[in-house]
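**Student:** I'd like to ask you about the structure that follows.
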Amino acid sequence: MATKWGICSTGRISNDFVVALSTLPAVDHQVVAVAARDLEKAKNFAQIHNIPKAYGSYEELAKDPDIDVIYVGAIHPVHRDVVLMCLQNGKNVLCEKPLAMNSAQVRELIAAARKFNVFLMEAFWSRFFPVYEEIRTLLSQKAIGDVKFIRAEFGTPIYTVPRAVEKELGGGALLDIGCYCVQFVTMVFNGEKPESVTARGFLHETGVDETISIILEYSGKRQAILSSTIMAALPNQTAICGTKGIIQIPSFMWSPTSVIVNGKETKFDVPHTTEPMNFSNGTGMSYEAEHVRQCLLKGLKESPIMSLADSEMIATIMDEALEQLGVMYP
């Protein structure tokens with residue numbers, strides 16, 4: 001039986017997710033419906049991607065009995081309300097990052113998923129890339145000894161994009177792209193809570209963070225330094241430094257195709273497509289989609305790789321960092 005997907009929102013990320021699904025076997029994954037707040041946009045998206053049903057409201061999608069799981073690709077500030085509505089209608093949900101605007105909302109969604117006994121996962125697609133799988137394996141094997149220091153950065157000049165700078169749209173470097181650095185460290189340190197969070201940065205004229213650096217300190221004298229900006233391109237690398245070596249992602253840390261371990265590089269190709277894509281290595285979203293299918297087939301209500309506890313920890317760290325910078329969302 002195919003996993004039947006409903007797509008919530010017709011933005012750029014939803015386009016790439018649907019294209020990524022098309023690289024997987026049709027016997028396993030089918031997109032059966034799409035919803036936008038504008039019916040014409042939904043119809044247009046459905047026509048482009050050969051989706052049978054188009055809805056002019058998210059509520060209709062949430063109530064569609066043919067859907068197994070809903071992918072939420074809408075803007076950040078509506079995540080909480082849309083995901084809650086889907087959960088209340090008994091739908092499994094894969095929601096784009098950030099899962100919600102703050103940790104209180106994340107806890108609310110986790111509680112709702114448990115109450116209604118449905119699957120919920122934050123769509124940090126990075127975690128399902130072969131590079132990330134390789135990193136988890138290397139860490140479990142203590143390939144670089146004890147991890148003492150992590151560096152991660154994600155910067156890209158998107159300061160002209162309203163979604164990235166407007167406070168009402170949930171803009172800002174940390175919520176939009178810096179969150180990938182936070183999830184990376186959270187993965188490496190197995191969801192452990194940092195002993196301290198120190199953030200410094202600069203605010204955009206709109207009041208969101210345009211540049212932010214965070215120092216996380218963990219027990220056992222372990223440290224992570226994360227940097228993110230929407231004002232300039234960064235090398236977008238990561239480094240995990242241990243007592244016996246170093247693991248590096250040389251570029252595209254959020255959707256990587258290569259990893260360097262003690263100077264030796266290994267490459268992994270993402271699925272191929274001829275369809276137009278908006279995001280680098282976007283077909284790699286197929287990895288998270290297949291993971292969701294496997295979780296559902298096993299009857300799981302959360303992912304063992306991108307757990308709800310991790311989502312809560314990521315949101316908690318970001319809350320603390322944004323508070324220190326004085327970023328307040330409506």
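Glycine is no exception: its Cβ is also placed from the backbone N, Cα and C atoms.
Pulled the feature table from Swiss-Prot, pasting it below:
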SITE      Tyr71  site 'May play an important role in coenzyme binding'
SITE      His79  site 'May play an important role in coenzyme binding'
SITE      Lys97  site 'May play an important role in coenzyme binding'
SITE      Tyr180  site 'May play an important role in catalytic activity'
**Student:** In Å, rounded, how far does the Cα of Tyr71 (site 'May play an important role in coenzyme binding') sit from the Cα of His79 (site 'May play an important role in coenzyme binding')?
**Tutor:** 11
**Student:** Rounded to an integer, what is the Cα-Cα distance in Å between His79 (site 'May play an important role in coenzyme binding') and Lys97 (site 'May play an important role in coenzyme binding')?
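**Tutor:** Spelling it out, the Cα of His79 (site 'May play an important role in coenzyme binding') and the Cα of Lys97 (site 'May play an important role in coenzyme binding') are 9 Å apart.
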**Student:** Under a criterion of Cβ-Cβ distance under 8 Å and sequence separation of at least 6, what residues of the same chain contact Lys97 (site 'May play an important role in coenzyme binding')?
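**Tutor:** Set apart from Lys97 (site 'May play an important role in coenzyme binding') by at least 6 residues yet with Cβ under 8 Å, we have Glu122, Ala123, Phe124, Cys179, Tyr180, Gln183.
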**Student:** Just how many other Cβ atoms lie inside 10 Å of the Cβ on His79 (site 'May play an important role in coenzyme binding')?
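**Tutor:** Its Cβ has 26 other Cβ atoms within 10 Å.
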**Student:** I'd like the Cβ neighbour count for Tyr180 (site 'May play an important role in catalytic activity'), meaning other Cβ atoms within 10 Å of its Cβ, all protein chains included.
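**Tutor:** Other Cβ atoms within 10 Å of Tyr180 (site 'May play an important role in catalytic activity'): 23.
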**Student:** With every protein chain in view, what's the tally of Cβ atoms within 10 Å of the Cβ of Tyr71 (site 'May play an important role in coenzyme binding'), excluding that atom itself?
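**Tutor:** For Tyr71 (site 'May play an important role in coenzyme binding'), the 10 Å Cβ neighbour count is 25.
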**Student:** Tell me the coarse DSSP state (helix, strand, coil) of Lys97 (site 'May play an important role in coenzyme binding').
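**Tutor:** SS state of Lys97 (site 'May play an important role in coenzyme binding') = coil.
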**Student:** Work out the three-state DSSP category of His79 (site 'May play an important role in coenzyme binding').
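**Tutor:** In the DSSP reduction, His79 (site 'May play an important role in coenzyme binding') maps to helix.
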